[in-house]
Amino acid sequence: MRSDMIKKGDHQAPARSLLHATGALKSPTDMNKPFVAICNSYIDIVPGHVHLRELADIAKEAIREAGAIPFEFNTIGVDDGIAMGHIGMRYSLPSREIIADAAETVINAHWFDGVFYIPNCDKITPGMILAAMRTNVPAIFCSGGPMKAGLSAHGKALTLSSMFEAVGAFKKGSISKEEFLDMEQNACPTCGSCAGMFTANSMNCLMEVLGLALPYNGTALAVSDQRREMIRQAAFKLVENIKNDLKPRDIVTREAIDDAFALDMAMGGSTNTVLHTLAIANEAGIDYDLERINAIAKRTPYLSKIAPSSSYSMHDVHEAGGVPAIINELMKKDGTLHPDRITVTGKTLRENNEGKEIKNFDVIHPLDAPYDAQGGLSILFGNIAPKGAVIKVGGVDPSIKTFTGKAICFNSHDEAVEAIDNRTVRAGHVVVIRYEGPKGGPGMPEMLAPTSSIVGRGLGKDVALITDGRFSGATRGIAVGHISPEAASGGPIALIEDGDEITIDLTNRTLNVNQPEDVLARRRESLTPFKAKVKTGYLARYTALVTSANTGGVMQVPENLI
């Protein structure tokens with residue numbers, strides 16, 4: 001066993017003394033059992049994580065029952081909804097790397113035989129997956145689960161995105177103070193990840209198709225008995241996989257990454273999943289070309305439209321058959337998925353999901369009646385984004401295939417929000433927000449406030465927004481993010497000027513500023529080099545090492561040190 005490194009031999013008697021002092025070893029034979037880390041992310045200020053201590057206790061009991069010894073440790077967590085719109089958002093994406101580094105440190109320092117990961121919200125899930133790829137120790141994931149959708153006094157379904165859009169509607173005068181407060185009190189009624197197809201739930205669904213989690217991981221409610229039983233079953237399966245030496249990199253292959261993007265297309269998932277899945281591929285040693293994503297989109301139908309793109313919540317998806325029903329439907333179309341891959345269950349993706357039929361065709365559409373014949377995400381290329389940009393086409397009004405407008409440029413998120421709120425931004429504008437990428441932000445902050453304000457003011461079809469920053473999973477409208485290279489790295493988005501005509505073509509997947517190359521070249525000559533916004537602490541180190549979004553926004557060691 002891997003853990004023999006710390007518990008076998010006379011020279012490890014001091015280590016064994018310390019292990020006895022933990023109280024985790026209940027009998028002399030326990031030293032001969034596998035040591036399993038429980039990588040938890042319990043934290044009081046994140047509603048998606050407040051119940052994870054209870055889930056970890058269930059996992060511990062089941063791991064012992066299965067014949068192994070559990071040791072729990074915790075990672076940090078950032079709630080993107082609470083960190084939104086201020087300096088806190090600069091720490092959100094960088095927290096993913098801290099989580100991966102922290103988990104790697106504990107796992108490798110103590111030579112665990114397996115790891116039970118309990119994530120739930122936005123950056124915690126991908127951070128833990130990065131750790132699993134990096135350490136490549138037998139592992140299983142069981143998330144905390146989504147919260148129930150809220151309900152307004154008028155019987156309208158609510159999610160967190162409803163609240164962000166309500167801010168714009170309240171400022172406009174479209175809703176009363178009483179309606180506004182009612183929504184605030186009822187939008188998030190239970191613990192769990194936010195109820196729509198936002199980043200957290202997108203990633204928790206993708207773990208099913210990647211093969212790292214059990215079926216229904218992405219949709220079973222946080223407060224359900226099914227979630228607790230899933231924890232138990234996952235613990236049993238992990239101990240079995242330790243014995244069989246089934247490792248994360250055996251499961252997460254190039255084909256698994258393809259299938260993750262296919263499910264994302266079918267469910268209209270968050271654009272952040274592109275960023276995180278590319279980072280996962282990078283950590284797994286897979287060189288993944290962004291062009292593959294468009295090829296996947298072309299062959300993958302859009303089957304389930306979930307909040308914020310509709311009123312359906314994750315619980316509605318669960319009741320309609322969950323991710324297994326969507327996977328089963330996609331498997332009926334040859335070439336859409338790679339169903340004979342091994343998964344954490346020890347069975348193939350096909351064996352896990354075959355026969356799981358759709359129970360509600362309003363929530364999950366069948367192959368012969370999709371929302372769209374193509375997937376809900378697109379990668380755009382052009383002279384603004386030579387290395388790619390991402391748009392959630394599932395969140396764009398279906399009548400819009402192209403949008404051409406005049407650029408109105410901002411070098412920060414806050415400047416853009418102020419201009420939207422004071423009505424400087426008008427119909428026909430393309431809002432350009434730059435120097436908000438991984439390096440420029442730093443931390444690639446989410447642009448939910450500006451996009452929500454645009455939609456809340458009734459301009460969702462009349463104003464576009466492009467940025468080297470990223471979006472919340474709750475974002476909808478004509479919103480293009482992840483523009484690469486970013487402005488801070490000298491990307492062409494830095495060359496756009498007010499009044500430039502910009503065309504977003506969703507049919508041909510292009511993003512261009514309609515200026516001659518010689519004009520852009522002259523502008524580049526006078527471009528001021530980027531200077532880091534943060535000079536000390538973690539964000540300064542992050543700025544120095546992070547890459548643009550096309551590689552997942554990962555931190556890379558300088559080539560001269562390799």
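The backbone N, Cα and C atoms fix where each Cβ goes, and this holds for glycine too.
The secondary structure of Asp122 (Mg(2+) binding site), as reduced to three states from DSSP, is coil rather than helix or strand. Neighbour count (other Cβ atoms within 10 Å of the Cβ, all protein chains): 34 for Asp122 (Mg(2+) binding site). Look at Swiss-Prot and you will find Asp80, Asp122, Lys123, Glu446 tagged as Mg(2+) binding site, backed by sequence analysis.
All protein chains shown were included, and the count of other CB atoms within 10 Å of the CB of Cys121 ([2Fe-2S] cluster binding site) stands at 28. Feature annotation from Swiss-Prot assigns [2Fe-2S] cluster binding site to Cys121, Cys194; the stated evidence is sequence analysis.
The N6-carboxylysine annotation in Swiss-Prot covers Lys123. The Cβ of Lys123 (Mg(2+) binding site) lies under 8 Å from the Cβ of Gly77, Val78, Asp80, Ser92, Leu93, Ser95, Arg96, Ile99, each of which sits 6+ residues away along the same chain.
Marked as active site, proton acceptor by Swiss-Prot: Ser472. Taking a C-beta cut-off of under 8 Å and a sequence gap of six or more, Ser472 (active site, proton acceptor) has these contacts in its own chain: Asp80, Met84, Ser161, Phe164, Phe198, Thr199, Ser270, Asn272, Glu446, Met447, Leu448.
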Applying the rule Cβ within 8 Å of the centroid of the Cβ atoms of Asp80, Asp122, Lys123, Glu446, what extra residues of the same chain belong around the Mg(2+) site? Val78, Asp79, Ala83, Met89, Ser92, Leu93, Cys121, Thr199, Asn272, Ser472
Count, for each of the binding-site residues Asp80, Glu446, the other C-beta atoms lying within 10 angstroms of its own C-beta, and report the residue with the smallest count. Asp80
Please report the number of other Cβ atoms within 10 Å of the Cβ of Cys194 ([2Fe-2S] cluster binding site). 32
